[in-house]
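Residues or ranges marked as FAD binding site in TrEMBL: Arg101, Pro102, Tyr103. Here TrEMBL flags 1-21 as compositional bias 'Low complexity'. According to TrEMBL, the region 'Disordered' annotation covers 1-33.
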Amino acid sequence: SFQSYSSSLFISTSTSSSTSSKRNHMTTSAVAMPPPEGLEYASKCFFPTEWHGVPLTNVKQYNHDSKIFSFGLPEGRSLDLPVCACLLLQGKDKEGNDAVRPYTPMSSNDVVGR
């Protein structure tokens, strides 16, 4: 886990435009069917598939082994992440090694600026 926190972490969505990658996220029964025409994967999300730095604005202890991380977004922007998607955070672990972890957002897409 991330033990030391910097003022910013890098975030990206875990997405791909290839049909085979999209199928990896579907159930076995859905794989046999071709994807719907015009399928877009996390198309409106603020974070595209490249890494972007954002400020870590707050870390709140939730329970003995969980924390809630809050990040800043540009003013007026929402995360716009689909319900089933996660964010990848890139930072350093407690030994200083590069680390990437998936996190599930808790905020509504109605929340702007964070």
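Each position is counted from 1, following the chain as shown.
Cβ from N, Cα, C; glycine included.
Keep in mind that what you see is a predicted model, and the values were worked out from it rather than measured.
Of all the binding-site residues given, namely Arg101, Pro102, Tyr103, the one with the smallest number of surrounding CB atoms inside 10 A is Pro102. Excluding Arg101, Pro102, Tyr103, which define the FAD site, the same chain contributes Cys86, Leu87, Leu88, Leu89, Val100, Thr104 within 8 Å (Cβ to the Cβ centroid), listed in sequence order.
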